[in-house]
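In Swiss-Prot this protein carries:
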type	residues	note
ACT_SITE	41	active site, proton donor
ACT_SITE	110	active site, proton acceptor
BINDING	40, 77, 108, 109, 113, 178, 179, 181, 182	coenzyme F420-(gamma-Glu)n binding site
BINDING	196, 199, 260, 284	substrate binding site
């Protein structure tokens, strides 16, 4: 059965402090969003004006203040500064508190967050980071069965470990992928798949989504059962100049993947990002002041097969964005589903 079209809100933990970020999630539910997803950074991508509240504390606060939205990370790295057994316990607890509403979105990690918190040695290449991710997911799922777990992995070990409070069925795990290797893994092992917009439609139509389908087929799964989430970078405002200028804070998104994965210091990240021209920064975003134009650009992702659209707005006035989204974009987007 095909997944229904869902509209979500990206809570930008790099841009807002914890109390404001909770209030924005509450507003997102009030404005009709189906989900709220939060980034999980120890350090932001900007030193000046940046924030980095702890995602799990935020999720619990949002759970207490909301009634229906799905709440999750997009994304967390459960492999370096975190012990995946403890992450499994934390998410199981939230799953008991807010049944059916919690998801865990995971990725392979960035040096910015892990080296500051004590990772020693050379930052690992993709092969090791991916192996750690797979092993952590396997361990967390074993723990969510509620049994005593003796786990002997290459990177993680448990001895008679049990999680005593686990929601029935465990916690859905969403795998973030920027290329076909991890996308195949998402199809094979993920309850959901996460990607981000603005990288050329052929990436989604020719690489990522076919890889998800290939992974699902190899695991004898129905790819239609996998929630296909995309973070859509959208700067929508009825004022065209504001729509363009609002992207400036998020210039780090326009750095190369190598820069984003290897830069260790937010001051260095900020300097590299601020050297970029606004035109290059804006290329990662749907920048629009006409609602039909905005929805037409989003529609391409729906047509590609992505069903869970999580909207990341770059401006500081998120209340305005949520009001405009509900008024101008949501009705048009719902009609696509």
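A Cβ is built for glycine as well, from the same backbone N, Cα and C atoms used for every other residue.
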Rounded Cα separation (Å) that holds between residue 284 (substrate binding site) and residue 41 (active site, proton donor): 21
Would you mind pulling the DSSP three-state label for residue 196 (substrate binding site)? strand
Would you please pick out, from the binding-site residues 108, 113, the one with the fewest other Cβ atoms within 10 Å of its Cβ? 113
Given the substrate binding site residues 196, 199, 260, 284 in the record, what is the largest Cα to Cα distance, rounded to whole Å? 15
Spatial neighbours of residue 182 (coenzyme F420-(gamma-Glu)n binding site) that are distant in sequence (at least 6 apart) but have CB under 8 A: 108, 130, 133, 175, 176
Per DSSP (helix/strand/coil reduction), residue 108 (coenzyme F420-(gamma-Glu)n binding site) sits in coil
Expressed in Å to no decimal places, the gap between the Cα atoms of the residue listed as 'active site, proton donor' and residue 113 (coenzyme F420-(gamma-Glu)n binding site) is 6
Where residue 182 (coenzyme F420-(gamma-Glu)n binding site) falls in three-state DSSP terms: helix
Near residue 260 (substrate binding site) (Cα-Cα within 10 Å), the recorded positions in question, chosen from 40, 110, 113, 179, are 110
For the coenzyme F420-(gamma-Glu)n binding residues given in the record (40, 77, 108, 109, 113, 178, 179, 181, 182), what is the largest pairwise C-alpha separation in angstrom? 23
How many whole Å apart are the CA atoms of residue 199 (substrate binding site) and residue 113 (coenzyme F420-(gamma-Glu)n binding site)? 24
Tell me the Cβ neighbour count for residue 199 (substrate binding site), meaning other Cβ atoms within 10 Å of its Cβ, over all protein chains shown. 16
Quick check: in three-state DSSP terms, what is the residue listed as 'active site, proton donor'? coil
